[in-house]
2 protein chains.
Amino acid sequence: METINIGILGLGTVGSGVVRILQSHADKISSITGRKLKVKTVVVRDMTKKRTVDLDGVTLTDDFEMLINDDSIQMVVEVMGTVEKAREYIKRLLEAGKHVVTANKDLIATYGPELTKLAKEKKCDLFYEASVAGGIPILRTIVNSFAADQIVSVKGIVNGTTNYILTQMNQNNVAYEEALKDAQELGFAEADPTNDVEGIDAAYKMIILTQFAFGKDITLDDVKIEGISKIQLSDIKEAKRLGYNIKLLGVAEKVNDHITISVGPVLVPQTHPLATVINENNAVFVTGVAVGETMFYGPGAGELPTANSVLSDIISVTKNIVMGITGNSFNDYSHEIKLATPDEVKNPYYISLIVPDKTGEMLKLTELFTNAEASFKLITQTEANEGFAKISIVTHAMTEAQLLKIEEGLKQETDVELLAAYKVLEKG
Amino acid sequence: METINIGILGLGTVGSGVVRILQSHADKISSITGRKLKVKTVVVRDMTKKRTVDLDGVTLTDDFEMLINDDSIQMVVEVMGTVEKAREYIKRLLEAGKHVVTANKDLIATYGPELTKLAKEKKCDLFYEASVAGGIPILRTIVNSFAADQIVSVKGIVNGTTNYILTQMNQNNVAYEEALKDAQELGFAEADPTNDVEGIDAAYKMIILTQFAFGKDITLDDVKIEGISKIQLSDIKEAKRLGYNIKLLGVAEKVNDHITISVGPVLVPQTHPLATVINENNAVFVTGVAVGETMFYGPGAGELPTANSVLSDIISVTKNIVMGITGNSFNDYSHEIKLATPDEVKNPYYISLIVPDKTGEMLKLTELFTNAEASFKLITQTEANEGFAKISIVTHAMTEAQLLKIEEGLKQETDVELLAAYKVLEKG
């Protein structure tokens, strides 16, 4: 049986997982591809670090040029992380005619179009299934199974850290800070959690999902981003009382003939499949004109799940090499579509406020909402600290422009504190 | 742009959906495949029947030979149903070098290996994504994304009719007969519901899923099948009280190095993702060694969802024609694996019985279970009709052989009526 030699850039969690699966599932992989897949060279930064995988017969080096100069290596897996360095390496690998598989979402979200173009020119494959939602094969599913359909919306729980924190807050009634600490101790959150808790990680994934679902390249600036670090336990509880779980959702959806992309806390009805996705799990809910509502659920991270997605790419490359058809883009859907304006995007909102507990406050609020032509669906007033009341409002659907007007109005009221203004997913 | 001509066999619900999507999403399909896909000829049984789709420019005929004799038709979609006739037609189409897409699960479950072999010989594609779980792209996902993984189990809610009926029983406290009548009125169940409610339809789908997940051809005789028509409302309620929803699950799983395949009512913990799949929806829960737990959820039937799966096959065939790589099997995983014996397959069981309400009955039962070396985890006794008690038992894990011994013992006791003996999915 012919051998296909593979190089690996980086031997952290995912890299180790790739080596492990290639070793333990070698028979099945060979039976499917008709090829023996062999890790020939692994490039690492620190040669002295202790490794947990069996590297018998593998060349371990800190010299990247060993990949470039070895013509017997047809495919390289990039799992080293970072953006600029990875970009430079991948460009050089593609220039050298090597197929590339990467799990690097920041890189693809930032330089995807450039690298895709280069890969195509060089007749190389460039796959990155593992860059979104770890073990869930969502990218390949969109390419293969939604090709004939028109996707209307993609709603994703695509960040495990924040979903874990929100699950703890929701199930165990703990505040954000405590849930974060817990997540850090369990290894679900990093020491500096900013990227996850502020929604940046989810936004990168939504950039890639938008490219696949709507055929449109966007940048981080096109995504409205809000994180979870300001979510109050009292709002989690109030949402629950109303029949919702608060989730950090990435949403990319069509509005009229435009699209809007956002990441932020959303009230999800407890009867909605996304509400049942707990802990560090991920799920992507895709609605198509023809197919209706579908959901793809699984682990969003972890050594073996992510490595498995890398492996599915490796096998795709291998099959393409065998059939002589490398060089086709991962996603060949491209479509001219504009971003929606704040006037177009309509949602019901959950708004919560702390106001002084005195006569006339509710009148002031009501006037403010009326000026923005927004209407209440539901209002609850409860006691807050001494002399203050907490008011929670669910509005009827209104535009982002209306919400902005309300938010600006509230800022003028120095004695009113806006705690939350979250989208509400309507009950089906 | 080059045109690829398509023939369609049958113009019922799915066939009409295929025509509709090809018309309404023509631009997107062309932008992805680089080809214009045109329905040239549709073969129907009854030419006089009124059609709801636009057939402008399409030849409608009742003469199958028009497909065979038209060299310009490269691909035929079989959505006419039936087994023997469809088998004969598809064989002739493949012999004539035409690619075939079918949604016919009975056919594929019965004659899949024979037709796959013929397709390969003739370098034709034969795809059948729509045959399992309607709009959920589960077959292609297993092929593409679990290729490097070892699947441990596939658990599916793969029949919408029975899931609708069980949802009604569970949510609205109605008995089986009433829920069935309701499903029939809404069009979710057929006038003769046998195939669905007795688990046959689900078993056919599990045969195909087993082929994809474990690389093994099995027949209906290899599947242990129980339907839902004997499920008592009292057991649905008791299960609910214990924290479970009763679902009709198809299960194909590895036990030691063997596999076991069954369809039957299972108590699913309410916290399990499968428990939240309600009404006519389908879901397939796949566990892999590397990836862990994943679930694919969506509509299990319906004109457009099923047609969308057919379309994903049509697009795959088209891409393969363009790249000149037709003739590869849909699933190229094949593996020697034996079926497990009843001694190997272990599960906890939920057992419910009606017994005379008199001294010594419980002792008799306890002896019977002890003789089979089975042990109770939980027992509830409630009043049944005058002079009778209902006993519900959850056992610790035991083998199918032990269960059989208990069932046989109970049969000897003429005054004991066995209502249910269902598997229990353990809480995670």
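Just so you know, the numbers here start at 1 and follow the chain as drawn.
Even glycines carry a Cβ here, placed using N, Cα and C.
According to TrEMBL, the protein has these features:
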BINDING   A:LEU9, A:GLY10, A:LEU11, A:GLY12, A:THR13, A:VAL14, A:GLY15, A:SER16  NADP(+) binding site
DOMAIN    A:10-129  domain 'Aspartate/homoserine dehydrogenase NAD-binding'
BINDING   A:LYS105  NADPH binding site
DOMAIN    A:137-315  domain 'Homoserine dehydrogenase catalytic'
BINDING   A:GLU190  L-homoserine binding site
ACT_SITE  A:LYS205  active site, proton donor
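Residues A:LEU9, A:GLY10, A:LEU11, A:GLY12, A:THR13, A:VAL14, A:GLY15, A:SER16 make up the record's NADP(+) site, and a Cβ search at 8 Å around their centroid adds A:ILE8, A:GLY17, A:VAL18, A:VAL79, A:MET80 from the same chain. Taking each of the binding-site residues A:THR13, A:SER16 in turn and counting other Cβ atoms within 10 Å of its Cβ gives the largest count for A:SER16. A straight line from the CA of A:LEU9 (NADP(+) binding site) to the CA of A:LYS105 (NADPH binding site) spans 15 Å. In terms of Cα spacing, the recorded positions A:GLY10, A:GLY12, A:THR13, A:GLU190, A:LYS205 that come within 10 Å of the residue listed as 'NADPH binding site' are A:LYS205. Taking only the Cα positions, the spacing between A:GLY15 (NADP(+) binding site) and A:GLU190 (L-homoserine binding site) is 19 angstrom. Looking just at the domain 'Homoserine dehydrogenase catalytic' (A:137-315), the mean pLDDT is 96. Distance noted between the C-alpha atoms of the residue listed as 'L-homoserine binding site' and A:THR13 (NADP(+) binding site) is 14 Å. Neighbour counts were taken at the CB atom with a 10 A radius for the recorded positions A:LYS105, A:LYS205; the maximum falls on A:LYS205.
Neighbour counts of Cβ atoms within 10 Å were compared for the binding-site residues A:GLY12, A:GLY15, and the top value is held by A:GLY15.
Rounded to the nearest whole angstrom, the C-alpha distance between A:SER16 (NADP(+) binding site) and A:LYS205 (active site, proton donor) is 23.
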